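J.: Here's the feature list from TrEMBL:
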DOMAIN    B:26-157  domain 'Response regulatory'
MOD_RES   B:D89  4-aspartylphosphate
Amino acid sequence: MDTLVAQLQRQFRDYTISLYHQGFLDDQFTELKKLQDECSPDFVAEVVSLFFEDCEKLIGNMARALDQTGNVDFNLVGSSVHQLKGSSSSVGAKRVKGLCITFKECCDSQNFEGCVRCLQQVDIEYKSLKAKLQDLFNLEQQIVQAGGRIPQVDI
Amino acid sequence: MNSGSCSSLMDVGYDHHHHHGHEELHVLAVDDNLIDRKLVEKLLKISSCKVTTAENAIRALEYLGLGDQNQHIDTLANNDLKVNLIITDYCMPGMTGFELLKKVKQESSYLKEVPVVIMSSENIPTRINKCLASGAQMFMQKPLKLSDVEKLKCHLMNCRS
């Protein structure tokens, strides 16, 4: 008979693996976890939180720039995309990063419809990742509260 | 005590109060991206470096005492603030990391000898060669990993001994 801790740990393991396999996360996220220790037990959560705040801010900037009908500054949009691409790459947000690559191409070719589409997709994608990571962090918390240790998951 | 080999990252604790004295590298990390700044800071601290961050090249130059007003901050004479390594992003608004590299290298003070490492998310050979030709110690591909910082420390230790 499985204990609650064992069940939660299995859920955590399975969920983590699925996030990697479905391409939400890549091995840079694994690198982030390596930096978490007793001295900074919330490092990953903190960085990830900063990342999502950054997403919101940059997407806002891009939306405003794209809203200037007839006078869109594609360089401005492009530089925000560049920032977002950098951040997403640094935290292992694989899908967001992938979208940024396409988005940058649309900026460079001044493809307005393409940019608008990419913006919508990036917005959906970062919010989706945010929800999933929240679920993951919640599982971690439940494991700890049930007296267990968070398992190391090898992808 | 330092034989030139890398200290194991597993052995070194992250301890605010323990001073390694002159063995501890003081790194100035320059990057306009907040997340990247946080990441590089953590990577360096885990590798027992003291870290000062700057969000752009101008701020970095000011910290090094090379600001526009050419302020000579007295505290720079104090060993605690001497920088042993500058690690900078290439792509930054205003002054690029490459321009920062050149400014540091044209100094006549101790700064000229301070290794400058350039980071970039883009792998452009002409860019890399340009930086190395202008005196960059190393070029590092982003996103940075723990193993990159380990390699960097080894490289610097070997250069020092």
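Each residue, glycine too, has its Cβ placed from N, Cα and C.
TrEMBL does not curate its annotations; it predicts them automatically.
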J.: According to DSSP, how is the domain 'Response regulatory' (B:26-157) divided among helix, strand and coil residues?
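T.: Secondary-structure composition of the domain 'Response regulatory' (B:26-157): 61 helix, 24 strand, 47 coil.
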J.: Taking every residue in the domain 'Response regulatory' (B:26-157), what is their average pLDDT?
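T.: That region's mean pLDDT is 90.
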J.: Give me the count of other Cβ atoms within 10 A of the Cβ belonging to the residue listed as '4-aspartylphosphate'.
T.: 25
